[in-house]
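Taken from Swiss-Prot, the feature active site covers 139, 160, 245. Swiss-Prot lists 178 with the feature active site, proton acceptor. Annotation comment: Swiss-Prot describes 154, 155, 156, 157, 158, 159, 160, 161 as ATP binding site, evidence class sequence analysis. Taken from Swiss-Prot, the feature Mg(2+) binding site applies to 161, 202. The region 'Important for the catalytic mechanism of dephosphorylation' annotation in Swiss-Prot covers 266-271 and is backed by sequence analysis.
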């Protein structure tokens, strides 16, 4: 399904005002993010159509208003001739009158906002990138624990969905089960359910359950930034594996060309998987946000003790 200028306006109607080109709001946006018309205004003529939403801010306004009326008209028409799907004017673009005058021939949708360029990138730019991102399907369960997206993976039947149910009872958030749509957006991984499995989870022996009906809509998250991968391994199969002992070194798993911290947890009777996952998330936050490594702390204390004994 095509992603149009109207989709942006409908999503951000509170902060956007249609200035011109309302009859062309069905124009399709094909490229993610927001672009600035550097070459189109400042450089040699570009002949390729612009396929992304274009932002005009203080830089563009200062340049255009520094030109003579004839040059300003020429440069503005050069941009409009490339038929960008939409122009979004920031708070810094003070006077759009000449832009509207040139646009009579081209009918490019022009939206204005009371926000600055960096604010638009965070809100509208990120929204466009999410909508146009290429998602691939990965097998697992995605939940959010302490604000961190946790992708739980492991062989079929190991208990990933059961762990997710335990986490729900602990008031953590559910994103998706079984088929996870994952896309790279900038340097982040975003995971979400597919249209088919949204809000559903499969628990062996019970069947398909509707998480929203059972626990309430407040336990559902539409998507999550994947911060950590937790892999469950059944050690009862007697498969050799070099498990982490001190936790000094962080393992990583590469998903969509992004390295994600990877914790491998052995599963056996008597071990509460949900509590282990909580501990893994807390350990991640300590290492990443506080630069504290429990393993390093322990080893340092151990060597100090041994040196003292000698």
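Backbone N, Cα and C define each Cβ position, glycine as well.
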Rounding to whole Å, the Cα atoms of residue 160 (active site) and residue 202 (Mg(2+) binding site) are apart by 10
Near residue 154 (ATP binding site), meaning Cα within 10 Å, which of 139, 178, 245 (active-site residues)?
-> 139
How far is it from residue 155 (ATP binding site) to residue 139 (active site), counting Cα to Cα, in Å?
-> 9
For residue 159 (ATP binding site), what is the tally of other C-beta atoms lying within 10 angstroms of its C-beta?
-> 18
From the Cα of residue 158 (ATP binding site) across to the Cα of residue 245 (active site), what is the distance in angstrom?
-> 22
Please determine which of the binding-site residues listed here (156, 161) has the lowest count of neighbouring CB atoms within 10 Å.
-> 156
Sort the recorded positions 139, 158, 159, 161 by C-alpha distance from residue 178 (active site, proton acceptor) and give me just the closest.
-> 139
Hey, of the binding-site residues listed (154, 157), which one tops the CB count within 10 A?
-> 154
Same-chain, non-site residues whose Cβ lies within 8 A of the 154, 155, 156, 157, 158, 159, 160, 161 Cβ center for ATP are 232
Expressed in Å to no decimal places, the gap between the Cα atoms of residue 157 (ATP binding site) and residue 202 (Mg(2+) binding site) is 11
If you draw a 10 Å sphere on the Cβ of residue 155 (ATP binding site), how many other Cβ atoms land inside?
-> 12
Using the structure shown, find which entry in 178, 202 (the recorded positions) has the sparsest Cβ neighbourhood within 10 Å.
-> 202
Counting across all protein chains shown, how many other Cβ atoms sit within 10 Å of the Cβ of residue 245 (active site)?
-> 7
